[in-house]
Amino acid sequence: MSDPMSDLSSKDVADLSEDEARAELERLAAAIAAADIAYHQNDAPEITDAEYDALKRRNDAIEEAFPELVRTDTPTGKVGAAPAEGFAKVRHGVPMLSLAKAYTDEDVTDFIERGHRFFQRDEGLALAFTAEPKIDGLSASLRYENGVFVQGATRGDGTVGEDITANLRTIKDIPERLAGSGWPEVIEIRGEVYMTYAEFQALKERSAAIGGQDYVNPRNTAAGSLRQKDPSITASRNLKFFAYAWGFTSADPAPTQFEAVQKFAEWGFKISPLMVRATSAEELIAHYKTIEAQRSSLGYDIDGVVYKVDQLELQRRWGFVTGEPRWAIAHKFPAERATTVVRGIDIQVGRTGTLAPVARLDPVSVGGVTVVNVTLHNEDYIKGFDSKGDPIRDGKDIRIGDTVVIQRAGDVIPQIVDVLIEKRPPEALPYEMRDTCPVCGSPAVREVNEKTGKADSRRRCTGELSCPAQAVESLKHFVSRGALDIEGLGAENIELFFSKGLLGTAADIFTLRDRRPAVQQALAERREEQARAREAASGKTRKNVRSVEDRNYEGLDKLFAAIDARREPELDRFIFALGIRHIGETTAAALARNFGTIEEVIRVGKETAAAADPMAAFPSIDGIGGTVVEALVDFFGNERNDAVLDALLLQVKPQPYVVTISADSQIAGKTVVFTGSLEKMTRSEAKAMAERLGAKVAGSVSAKTDILVAGPGAGSKLKSAAALGVEVISEDEWFERVGK
Ligand code: IVH
């Protein structure tokens, strides 16, 4: 049987038709880009230098023969993948504008009146407006050609943005192909990329669990997530998108703004459910109030309401001033702020030893929520500088005794936005961050990042597990959901048992049963205390209290049973539970898959720690870079951890990682291609897994391909597969099929 793809790739340039040349340039651009990423970003070349050169030469020859077909993302002359400093530039078909602002009802009335004045020549004209939330995220422009998403860009300076197509493809609200029909041949759909509070909180928790970075607010985090070099990181952030406008289009989507946006919904986009059509300032302001009332329950940030002229014909007639349409305006919500006093600055010590300063405030209500603490992030932040050394709060520092302005950024995380220097008590001194751990007294240092040469923004206590704060936090992590997940042994019980000396390290959890009387005693005492506190609060006394002992027996048996049930944990959970810095669930799973047993993980870990050049000694695993290797070196190079681990392994037997092949495995003997961003495994793991199951893994789709496993962002390979009738399955379906 002939293979159209490989036929084309071996056809002489002189014999190519224009369509074939276009297809070849597309294939070559993708192949060269993939090779660049493998070589420059992953340090794992997938083709030989000679093969790479041949691709480049063919690309150059076709470009020379068909200069009009040169792609905007031509690989010619590009050195390596998109340069580390940034993304390729994209010129918007139509500039991305900003909006004039209204702060008061009067500003809104003025806007409507200006409209009526402008159109007054038109008697009987029914000037209408739309009103919808102003989402506080990042705007993006998505180019669709013949219903297919071809390029996505940031706003940039409004004229030229950055090409973040691969990252945008990971967003589930952005369709790869438009649904329905009737879309213009070319249209730039515009809208807002944002992060929900729930997703933001989850990310913060995941990061805190591995001693990772701190995230300030959903908007900045969404921005950072969109600028990732590795789209699988963007994918893991679960960003969302609302479509609300468009740029260049080969035809109006509809005669009105309102209908156009409804069309977007038909084409598969999410649109704001809070968009209405109205004709008077009163109606618009009423809708503004409706939206404002729902603001805190939406689950994502909005910072106002946007009014737009509904009829596109009238939008065109009213036109633009520099950088802004005359026919639209953003009615902003007042910032939710309040003033209070900083009474103290406490230092919290996290599981990995990070020292996090927290300001204790006189309780103050901001937008309906009482705020008593705000995080101060790190010592530079307290001094008035961000991580780049640029001033924040006009460079004003924060001192105990200061009167400060609190704002609930995005309605979730309160922060100090200003310091009222005129109210500063004369005796208030600049805050001095301590250089020892407040819990164990060990030195607390700002580690220097070897790559950037910059000191970490946060200090870390060097006491490791001898620091009670780190020890207890490590124990909490060990039993947490993604780790050993021991039922009935939550953070509260861990704290209690730790404070009573019943637990020191993770191994002690498994011998807790030996200390049953003391455990029972500790639980009983706490119950007593709690009951007394409740009585004191309610003023009532207790009647007929069952004996504390009776009540505890049953619970204790359950607890010990739950502990026993976890003596043979899955390897990935166990690795995650160890709480090695920078090793989250995904990295733990990658290590488990690659090394198979805990013995092997330890052997490689120790060998790497002992090596002169650890980076070179550590096997190359996709998705595992210098930060993780350094963390492994720190962990396995530390003798104290040896003892902890040895004791633990006397109690638990982590299960070897096995890929079970289902009896009817349809994988063996098949040719498989992986494309798009895989979320549960790295590309090299996918390859290794497929090969273990007896499959052949190919780099491109051809008629010989049996299965294409496509993750989000799959592009040309998906098209080829469709054209060739190759079976396409998702990553989840892949796992179902391989029986893992
Ligand atoms: S319309 C020509 N609608 O606000 C009109 N913008 O200040 C272009 N934004 O850059 C924008 N929600 O990032 C529009 N419902 C909405 C919006 C919205 C948020 C942002 C957008 C834009 C900025 C303009």
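Using the three backbone atoms N, Cα and C, a Cβ is placed for every residue, glycine included.
Automatic, uncurated: that is what TrEMBL annotation is.
For K134 (active site, N6-AMP-lysine intermediate), the count of additional Cβ atoms within 10 Å of its Cβ stands at 22 [all protein chains shown]. Annotation note: K134 (active site, N6-AMP-lysine intermediate) sits in a strand segment as assigned by DSSP. Marked as active site, N6-AMP-lysine intermediate by TrEMBL: K134.
R155 (NAD(+) binding site) falls within neither a helix nor a strand when secondary structure is assigned with DSSP, and so counts as coil. Here TrEMBL flags D49, A50, E51, Y52, D53, S98, L99, E132, R155, E192, K308, K332 as NAD(+) binding site.
Per TrEMBL, the feature Zn(2+) binding site maps to C437, C440, C461, C467. In the three-state DSSP classification, C461 (Zn(2+) binding site) falls within a strand. Within the same chain, residues at least six positions away from C461 (Zn(2+) binding site) with a Cβ under 8 Å of its Cβ are V349, G353, T354, L355, C437, V439, C440, S442, P443, A444, C467, A469, Q470.
If you look up TrEMBL, you'll see 662-740 marked as domain 'BRCT'.
For the Zn(2+) site, the Cβ centre of C437, C440, C461, C467 serves as reference, and the other residues of the chain with Cβ at most 8 Å from it are V349, G353, T436, P438, V439, G441, S442, A444, T462, G463, S466, P468, A469, Q470. Among the recorded positions D53, L99, K134, the residues whose Cβ sits under 6 Å from any atom of ligand 1 are L99, K134. A gap of 50 Å separates the Cα atoms of K134 (active site, N6-AMP-lysine intermediate) and D49 (NAD(+) binding site).
There are 23 other Cβ atoms within 10 Å of the Cβ belonging to C437 (Zn(2+) binding site). Considering only the binding-site residues R155, K308, the Cβ with the fewest other Cβ atoms within 10 Å is that of R155.
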